[in-house]
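Asker: Among the features that TrEMBL reports, compositional bias 'Acidic residues' is placed at 505-518. Annotation source TrEMBL lists domain 'SPX' at 2-145. The region 'Disordered' feature in TrEMBL is assigned to 500-524. Annotation source TrEMBL lists transmembrane segment at 250-268, 280-303, 315-332, 338-357, 369-391, 411-429, 574-593, 605-625, 637-654, 699-723.
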Amino acid sequence: MVAFGKKLKERQIQEWQGYYINYKLMKKRVKQYGHQIEVGTLDRRHVLKDFSRMLDCQIEKIVLFLLEQQGLLAGRIAKLNEDQDALQQEPDIAKLSQLRENYRDVGRDLLKLLFFVEINAVGLRKILKKFDKRFGYRFTDYYVKTRANHPYSQLQQVFKHVGLGAVVGAISRNLHELQEHQGSFLSIYDQPVLPLQDSVVDAMKAAVDRLSHSTNFLNFLAQHALIMQEELPTPTEEIVDDKRYHFMSLILNLANTFLYMINTYIIVPTADDYSMSLGAPATVCGIVIGSMAVAQVFSSVYFSAWSNRSYFRPLVFSSIALLIGNVMYAMAYDSKSITILLLGRLFCGLGSARAVNRRYISDCVPLKIRMQASAGFVSASALGMACGPAIAGLLQTEFKIYKFTFNQNTLPGWVMAVGWFFYMIWLCISFREPSRPTQETKADPQTSDGTTPPCSVYFIGGVIVFLSQSNLVALIPLAGYHEPARNDALEKGLQQPLLPSTEANQDDEDCGSDDESDDSRGPANSIRSAYRLLTPSVKVQLLIYFMLKYAMEILLSESSVVTTYYFGWSTSSVAIFLACLGLTVLPVNIVVGSYISNMFEDRQILLASEIMVFVGILLSFHILVPYSVPQYVCSGLIMFVSAEVLEGVNLSLLSRVMSSRLSQGTYNGGLLSTEAGTLARVVADATITMAGYLGQKTLLNVTLLPSLIICITSILATCFTYNSLY
């Protein structure tokens, strides 16, 4: 991989080369600052002033060029409008077709301008983050805080980007009018809004959405999958070749996700009864449920590696493993063997192909629909989680065929075995293995299995919104900062000769400890090397992810034991309760993605959600007063919904701060987050089984206590890193 500065230079539009952010100059300047501070020729306050002035000059250069180009585009549109008015008097099909193509040409040039804005935003964020890491400042917070709303700031002009929106609207309106309303006496504004089928308009709208960071439900939901596009934008409309995309193959990937989540949760309402029917305590249900997660810890790694070479074969292997596992799970009843039961669940865990599902979306789905595909992946998981217990509640019957017993304990296994059998047939008939990238394509940075590098697609042309992507949403002034006295010698420093070319070349390849170094090295080749790339902020967010998965698993896995002991609930009642919890996932994400995330900063939602999870856990304890159904249902609902909100916001933040080296390869950020969540489930299920030896009377409080401790730890860790994280 090449250094970020070189990638930035390669992707510049040549005729505009002099107007881009001079990333190389600023990178050298940061290095010079470090040397001058070490030898004592500069103090830090002077460095802050000098670097601020340099950024101001760079941003002003970008903004003035942006305004100039907007004016040129507006002039071209005005001329085309005159041509369109003339054609209204004397319609000519050939000229109308040429006019539409001329509007599209303006749209393509606008896309170049939007790309120009995006790529400069990435460079600005990179250099600010490099400066902060090199000197240990929160300079980015200070810089944006002081420039964001100042009347003379160029950032404010870019933040509004009214001109860009006006140009997009003009092109879209005229293309729509020419394409859909030729010869009509009605205005397009008098008609229902119909989508305009034009690739240029779609690309423009997508680019503006990326710049304006307009949070919506679909966008918010898609981030849960940790599947995003490359950090450094490209001027082309597509990175993924459409020939690699096959709609039915995508559907099969989503179906695999849906069936696997059903398979995970379909046994939860009956796991305790099944364990007792085999002579084991009811609390062994924790091991029965968790054994699938134990196997998933290992399967995630080899599936992630396997997806580097194929998508079809891992999916076939997944189907076979799950088919065998479910048959073993069902046959354990007649064999009277708890060992076969556990082995069946282990086989099911070995078939977890979620790494392949994510990888297919990131590698083979075109950018224009990748967000929808990512949201589909999350929705399929959520619906599977809700359908699993619901299906279990419907299987309340008992009969025997030959020597095989079919009842509420074994039917989940048989039903899922049949489901995977038909899925495998569908897979073999309809799945199309996409062509592998060429060697040249592999050299380019690609997002992969469920990870996402910090993504510029949410940046606005200046610095305001892209700071959200680096999680610096809290605009806190630098403590103790005062404007230093004027220093003419320092201000002339920008005009001094830079480092020799040989040193500059070394600087471009310098790895150091900065984020830019992430772009100049390959992906991690082991779990250990991947862990070393985790920053403190990422570690805190993985801890939060571990906590919420642990709390949710405790709630779900012990629900049948707890409700039977305290309330005498039947399997159907437990299934209805769990299905209702699962059905809250999508509505909660709609509310958060469409409203709450637009009203509050992510850091505020994160902390508030952690506190609400803490409240839900606290209310779940059985202390003194008799334990009632309203207490259990309300506390469980608070805990589950808060954890769902927390998961969405946490993964959204995690996708922005993950090192770009963890965006590819086998040991990537998606694998790390998956392993963190899977380990949480394993530990939670093991806790339930171990607590069962103390008796069902103390099971609830004993299992909730670790949840409470982990939750408090995550809240303290979030507060401790509050300023540096966000």
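Each residue, glycine too, has its Cβ placed from N, Cα and C.
I would like each feature placed in context: is it buried or exposed, what are its neighbours, and how far apart are things?
Answerer: Remote same-chain partners of the transmembrane segment (250-268), defined as residues 6 or more beyond its termini with a Cβ less than 8 Å from a stretch Cβ, comprise 274, 288-289, 292, 311, 315, 318-319, 322, 326, 329, 345, 348, 351-354, 356-357, 360-361, 364-365, 373, 376-377, 380-385, 387-389, 391-392, 412-413, 415-416, 419-420, 423, 426-427, 430-431, 556-557, 559-560, 574, 578, 582.
For the transmembrane segment (280-303), same-chain residues at least 6 beyond its ends with a Cβ under 8 Å from one of its own Cβ atoms are 264, 267-268, 271-274, 314, 318, 338, 341-342, 345-356, 527, 553, 557-558, 560-561, 564, 666-667, 671, 674-675, 678-679, 681-682, 684-689, 691-693, 696, 699.
Sequence-distant neighbours of the transmembrane segment (338-357) (same chain, 6+ residues past either end, Cβ-Cβ under 8 Å): 253-254, 256-257, 260, 263, 267, 274-275, 278-280, 284, 287-289, 291-296, 298-300, 303-304, 306-307, 311, 314-315, 317-322, 324-332, 377, 413, 449-450, 670-671, 674.
Counting residues 6+ beyond its ends, the transmembrane segment (605-625) has Cβ neighbours under 8 Å at 544, 547-548, 551, 555, 566, 592, 596-597, 631-632, 634-640, 642-643, 645-646, 649-650, 653, 700-701, 704, 707-708, 711-712, 714-715, 718-719, 722 in the same chain.
Among residues of the same chain six or more beyond the transmembrane segment (637-654), those with a C-beta under 8 A of the stretch's C-beta atoms are 220-221, 223-224, 226, 471, 538, 541-542, 544-545, 548, 551-552, 555, 581, 584-585, 588-589, 592-593, 596-597, 602, 605-606, 609-610, 612-613, 615-617, 619-620, 669, 673.
Beyond the transmembrane segment (699-723), the same-chain residues lying 6 or more positions past its ends with a Cβ under 8 Å from any Cβ of the stretch are 138, 141, 283, 474, 476, 536-537, 540, 543-544, 546-547, 550-551, 554, 558, 561-562, 565-566, 603, 606-607, 610-611, 613-614, 617-618, 620-623, 627, 684, 687-688, 691-692.
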Asker: Just to confirm my parser: what is the rounded mean pLDDT across the domain 'SPX' (2-145)?
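Answerer: Averaged over the domain 'SPX' (2-145), per-residue pLDDT gives 79.
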